[in-house]
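*Asks:* Can you read through this structure? Questions will come right after.
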Amino acid sequence: MPPSKLKTLYLSLILAFVFLLLPWSGFALKIRPDFILLVIIFWLIRAPNLCNVGTAWFLGLFVDLATGGIFGQFALAYTITAFFAVTYQRRLVLFNHTQQLFYVFLLLMISQIVLLIIKTFSGADALGWGYFLPSIVGVILWRVAVIFGLNTGGRSRGT
């Protein structure tokens with residue numbers, strides 16, 4: 001593994017944690033995407049030898065500690081999402097960017113649904129459809145990143 005890739009991985013994760021810990025409020029808090037999960041998905045697609053399911057689990061525990069939520073909820077959500085991302089990683093790099101976009105949306109929704117189930121079992125109030133807005137914003141950010149040249153390995157036809 002080249003040291004430059006490893007440095008880029010660490011830098012992107014640190015940047016994602018900075019965005020996670022920014023003081024979001026109001027509507028911005030409701031639509032804030034899961035920056036950590038977006039970075040995990042990117043590295044699972046781009047370099048699965050650097051980032052794997054164990055990495056996703058560890059980062060999930062770190063997010064649980066940083067946010068003060070139920071311990072293990074993000075670890076479980078990230079692990080399940082990473083499992084599906086790694087399982088189809090070889091196919092995913094062959095998809096064009098539009099197909100990758102739909103798959104990333106599916107991965108973000110899986111994470112949101114796992115978190116919703118955990119919150120429901122822990123006694124949280126019923127959440128509306130607005131709960132899934134971060135997945136939509138995450139896909140929009142993914143698309144913007146692809147437009148600006150972030151290479152996810154997808155073919156450029158159909159974008």
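These residue numbers are counts, starting from 1, taken along the chain as shown.
For all residues, glycine too, the Cβ spot is worked out from N, Cα and C.
Checked TrEMBL, it gives:
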- 6-24: transmembrane segment (TRANSMEM)
- 36-59: transmembrane segment (TRANSMEM)
- 65-88: transmembrane segment (TRANSMEM)
- 100-118: transmembrane segment (TRANSMEM)
- 130-150: transmembrane segment (TRANSMEM)
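Help me understand the surroundings of these features in the structure.
*Replies:* Same-chain residues lying 6 or more positions outside the transmembrane segment (6-24) and placing a CB less than 8 Å from one of its CB atoms are 32, 35-36, 38-39, 42-43, 47, 50-51, 59, 62-63, 66-67.
Listed by sequence, the residues of this chain that lie at least six past the ends of the transmembrane segment (36-59) yet keep a Cβ under 8 A from its Cβ atoms are 1, 5-6, 9, 12-13, 15-17, 20, 74-75, 77-79, 81-83, 85-86, 89, 92-93, 100, 104, 107-108, 111, 138, 141-142, 145, 150-153.
Nonlocal intrachain contacts for the transmembrane segment (65-88), taken as residues 6+ away from its ends with a CB within less than 8 angstroms of a stretch CB, comprise 17, 20-21, 36-37, 40-41, 44-45, 48, 52-53, 55-59, 103, 106-108, 110-112, 114-115, 118-119, 122.
Through the fold, the transmembrane segment (130-150) approaches residues 30-34, 37-38, 42, 97, 100-101, 104-105, 108-109, 111-112, 116, 159 of its own chain, all at least 6 residues removed from its boundaries and within a Cβ separation under 8 Å.
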